[in-house]
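J.: Pasting a structure below so you can have a look.
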Amino acid sequence: MGGDAVAFKNSWSGLKVAFRNDRNVRILVAALLAAVPLSLVVGFSPLVSAALICVVVLALAVELLNTAIEELADHVTPEHNPDIKRTKDFASAAVFLTRLLAAFVWGATLVERAVFGIW
């Protein structure tokens, strides 16, 4: 198997493990599965639909990074460590900001459509 095939296999494996074990990943996958048809049903342009889907994918990617950081930190030391806590808090803040961004982009786009667009 070539390098790209191995990388794809490992990535797919990571997605499956994260989906099975992490509630937040499942929520974001559900949001992504809802975002695709919703962006098309509402009648957004292809560019707007792509942007709406991309912010959800970004939130999912950041959640996966947060999960990886937490798993690694817990493996390094299961005991409470203020430095590890701070690192986990930084990763959690990144998730929060990314979800806030996604909510803002979706909210602003839907409000714009409701106020100025035709349903």
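Note that Cβ sites are derived from N, Cα and C of the backbone, with glycine treated the same way.
According to TrEMBL:
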- A7, F8, K9, N10, S11, W12, E63, S92: substrate binding site (BINDING)
- 25-44: transmembrane segment (TRANSMEM)
- 50-69: transmembrane segment (TRANSMEM)
- E63: active site, proton acceptor (ACT_SITE)
- E70: divalent metal cation binding site (BINDING)
- E70, K88, D89: ATP binding site (BINDING)
- 90-111: transmembrane segment (TRANSMEM)
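How about a rundown of where these features are and what they're close to?
T.: Applying an 8 A CB threshold to same-chain residues 6 or more apart, the list for N10 (substrate binding site) is empty. In the three-state DSSP reading, N10 (substrate binding site) counts as helix.
Within the same chain, residues 18-19, 52-53, 56-57, 59-60, 63-64, 67, 106, 109-110, 113, 117, 119 sit at least 6 positions outside the transmembrane segment (25-44) and bring their C-beta atoms closer than 8 Å to a C-beta of that stretch.
Residue density at E63 (substrate binding site): 22 other Cβ atoms are found within 10 A of its Cβ, drawing on all protein chains shown.
According to DSSP, E70 (divalent metal cation binding site) sits within a helical segment. Residues within less than 8 Å, Cβ to Cβ, of E70 (divalent metal cation binding site) and separated from it by at least 6 positions along the same chain comprise K88, A91.
Every protein chain considered, the tally of other Cβ atoms within 10 Å of the Cβ of D89 (ATP binding site) stands at 10.
Counting residues 6+ beyond its ends, the transmembrane segment (90-111) has Cβ neighbours under 8 Å at 24, 35, 42, 44, 48, 51-52, 55-56, 58-59, 62-63, 65-66, 69-70 in the same chain.
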J.: Which residues of the same chain, at least 6 positions away in sequence, have a Cβ lying under 8 Å from the Cβ of S11 (substrate binding site)?
T.: none
J.: Would you kindly give the Cα-Cα distance separating D89 (ATP binding site) and F8 (substrate binding site), rounded to the nearest Å?
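T.: So the Cα of D89 (ATP binding site) lies 30 Å away from that of F8 (substrate binding site).
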